[in-house]
Every structure is written in structure tokens, then in C-alpha cells.
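Please read the structure below before turning to the comments.
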Amino acid sequence: MSLTREHLAQEIIDAGRFLYGRGWSPATSSNYSTRLSPTEALLTVSGKHKGQLGMDDVLATDLSGNSLEPGKKPSAETLLHTQLYSWRPEIGAVLHTHSVNATVLSRLTPQDFIEFEDYELQKAFSGVTTHESRVRVPIFDNDQDIARLAAKVQPWLDAHPDCVGYLIRGHGLYTWGARMSDALRQIEAFEFLFECELKMRSLLNVKA
Ligand SMILES: CSCCC(=O)C(=O)COP(=O)(O)O
Ligand SMILES: [Zn+2]
């Protein structure tokens, strides 16, 4: 059964309240989307406070990132959402957040990835069934040119079909799922793992 636009918009509003409440989407940062149809996404309007979204603060775009609702300005990062819907037809929701831990960890890491290993919570990621696995999370340098950034993300996605999310250095996290609940679960898992990693590094006095 396909969900109505109203239901999908409410999922985005509820996600914003939750993520803002956890401190992972401060102020107007972050953007969220759901798949509206095989060729359209429903996405947050640019510049809105994500803890206070209303029904008018979302708009439909095509999968090239073009607004289908004149008068509404799509998120500056629309292309990073729509490229994921184009990449995998089973993706139904994409979340981008700006937590302190994602920001600090991505800045502290000189390599272009971080890897999680031997954490039970890795099993919260789609497709992971044991802690005896490695979840590699690429880190892309931040770029105000989102088309250029998307062009750097695409080859990684194509080479890693099991990728569950990525970081943008000093900026934030992207993750996704078949449904909004899956994307939210992955955000929570990432945040738990980021915090573990930062605590481990500070206790071990590891710089990177
Ligand atoms: C104040 S945060 C800077 C922009 C950003 O990174 C973000 O996630 C929000 O951008 P949008 O255009 O989607 O509001
Ligand atoms: Zn952002």
C-alpha cells in the first residue's frame, strides 16, 4: 500500500521534531526526504527550522533535483537525496543530520573513512547480521558545490552497494532506508557508534 503525500509529509515533520530534540539537527541545519513515487521525492524546503516543520515546509522534486512546486525553494542539498533514490529503487527515505559527534569525528579523522568493527550495534544497519563485520563509512570533504560533491559520492556508492551512510567532513551525516523508520534507526545507530568511537579515542588518547 502506498502512503499519501500527507502521511509522508507527517513522517518528515515527526522526524524533524525527533532529530531536533536529540540535538542532531540544530537550528535550520539538516534536510530530510521520502520517496513520493518511482520518479519523485518529497523533500524539506531550504532554510526551515527542522524542529518546527509544518505541512507547507516540504515540496516535491524530480530525481534530477528540480522543484515541482514553483515558489518553494528545495533544500540546498537536494541532489544528495535524489542521487540516492536514483541509485537504489528500494530506498524510501533519506536523512541528513548535523550532530556534534558527526562533525567532530569527521574533522578529527584524517583518513577518508572510519570503520566500525566488533560493536553489537552494527546489527542495527540494514544487511548487517553480526558484530563480526566491518562497517566502513566514507568521509567526503565538504563542498559548497553540491553537484561536485554528489559527483564524488556516486563512484563510492557504485563500488559499495552495501553502503549504509556517509559523512561530510565538518558538516554531517547522510543515511537512508527502505522506510523512514529504517533511516531513523540507522541515524540512532550511527550516533551511538560515533559517541563510542570518540570516547574510545579520548580514553586511549588517540589523535586519529
Ligand atoms: C545552517 S546549516 C547550512 C546548510 C546545511 O548544511 C543544511 O543541512 C541545511 O540546508 P537546507 O538548504 O536543506 O536548509
Ligand atoms: Zn547539511
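Yeah, the Cβs are placed from backbone N, Cα and C, and that goes for glycine too.
Residues or ranges marked as domain 'Class II aldolase/adducin N-terminal' by TrEMBL: 10-198.
According to TrEMBL, the feature Zn(2+) binding site maps to His96, His98. Residue environment of His98 (Zn(2+) binding site) contains 21 other Cβ atoms, counted within 10 Å of its Cβ in all protein chains.
Reduced to three states, the DSSP call for His98 (Zn(2+) binding site) is coil. For the domain 'Class II aldolase/adducin N-terminal' (10-198), the model's average pLDDT works out to 98. In sequence order, Ser30, Asn31, Tyr32, Glu77, Leu80, His81, Gly172, Leu173, Tyr174 make up the list of same-chain residues 6 or more apart from His96 (Zn(2+) binding site) whose Cβ falls under 8 Å from its Cβ.
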